[in-house]
């Protein structure tokens, strides 16, 4: 069947290509079923040859939404019918040779990687709608009446209103008329047109009429077209035979014309037709009317006065629709039978600027991603203005700052809408683009058209926390699962791009957890302030985009303290010191304690326990723990104190701890050495001169209650020892014989003994000692000395008288005897020196080392002096021993006892 067969005659007309525009023409029959293939634009325009295969596969196609009767496949560019196309509805009635077509643009564009579009070219498509014979001929009326005078001559043709066929073409329009039954009086008269077809007809009289014989005839005329199948229409004609009217009216001109501006006011007379009739009376009264073949376009806009022949405007003219009207007017007299004549009328319509620019917008897609780059193609705009010359010159502007208009190639009627600046979905989800245009007329006419661009979101925003840092507090006696804090991050993106989940990227000891949807942070363990007082969590907020974006924030959690730990001294025992004699309120030191509970309501206080008995001597600062004196201390009275100190917190319940503090009183050199012996009343001593060097005479007893160097006493003889007879041990205070004495040394000596401590600011004491050196037991010792000298003289005399022989023997005996004596004396002297040295050297104790060297030097000097004296006094030693009943001075104790026996006091 023809209705189900796609009869498409594709004529590819690649005319002149300006810039990037091409034109493709198709032909198709009307009344085809929906989905009928029309053509493939890409193939028929040969654009596939201008791109590589891969680039060609990326091309997309679109047509304006106003072309509702057709669809185009955006991928393949195939055009198909969207509805049944009726040529007569689209194109109304056309003059012979006119074509009926659909004209539109096909946009060829490419989708960019960022979601934008690039317009590559515009292909103009013209689809010619071919007519089929789907409309029968139709007469203006189903019935008509003719008044025919009886004297109408045989062969005269009665003019009739022709049938109208909405179809076009040679075969689809009226081809001929036929009379169903002329009864031998009438026959059809086909009036051929320029194509040989019969568009008009008349009824020819073939037999003389006689009103008196028959006054009425009923005829049927059938009009047939030339289509297949052939269609026809009929009209009933009633012929009434009347009396004669023998003059037809005549127009003054064969053609009436006028130029009328399209903005002519309604009711205005455009043209007046004039005709005359040579008859009189009713036969000369004329009536004007449009020809039955006059198009409805004319009769819709124009009307004619049947009495005056004035043609006037009943509907506004439109130059853009009709440039002119050409039609026939019939003038008919009122005679019987009536006679009529036709004339031609031409109305030229003059253009005025009465048409605003027309804007046709084509979008490849109303959706654009916010990532679309600047310069991407969004839509193209086709402009038209039905006016002419300056009235059709169009200027356009765009109102949205995100977009701009650009001419497409060199065309003045096609613009592209391009992206001018970045589009942000978060600022506006839709962009209204308004295009405003005006023509060049005076005054100009304006028009505008708008379209909406729906911005599609991309994941270009990271979640943003409502705070730059969070801080929360929770007590250490929390329960598991207790609420701590809640964070919130906002992502302005849409859908999954804006859906935020939360996680912890830093969670010390896994003490906390976060709800991934709500951002609520909870404690999952019991917290201990003393274990850790501050936790630093890092919360990460991440969206659910295909490439997720995240941000983080620090949450500081402060663990509130409760009083669950007692304070503790940093050590159980504290040692402090303070110097004696200091004024009151001198700091001895301070105690320190720690409390794992650190909140302000748990601060520590110090005090002495009730066991402390020295509260009048010491005090303690309750806040700092500083211990200070309440009075001046005396080390000599008490050198140390033991204090019991308590530290406690002030919370409920209260905890405490105890420590022992030992305060040592350090010495101040506030006591001078006190010489206990000799005293001021017992200070005279007698000794015989025969005492050997190193012999202890007496011991100076002294005490210094100070400690350390302040109590370390040194002795010296500062006066009365001009002969250097005496030596005092600087450490022990023992006074000994310094050298060998003789009778000439006998006498009384007043020695001044100095006792000085070793303090930095030393103190000292003096004691006078009277030492009397006696000759050996008074006069007896003197005679003994004289007798000893006489014996020596006798010996010398005997030796001189002895003979020469005896001298040798004596010399030998003396030599031997002297050697023995020297050996013996040398041994005794050495023994005594060792004893003197041992007694004189005091053990090295703290505070005495500085004087030891000087003391040893004094001992060495004394030893040398003793040896010198001993080498010249062997006999004197023997005699002295007899006087003292002693053989040596081996100990100081013996000498001291002897001195005590001779103490005159």
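Cβ coordinates are placed from backbone N, Cα and C, and glycine is handled just like the others.
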| query | Which stretch, out of 792-816, 817-841, 842-866, 867-891, is listed as transmembrane segment by TrEMBL? | reply | 792-816
| Remote residues contacting the transmembrane segment (792-816) - C-beta distance under 8 A, at least 6 residues beyond either end | none
| Residues in the domain 'Cadherin' (570-675) grouped by DSSP into helix, strand and remaining coil | 3 helix, 48 strand, 55 coil
| Mean predicted confidence [pLDDT] for the domain 'Cadherin' (140-251) | 83
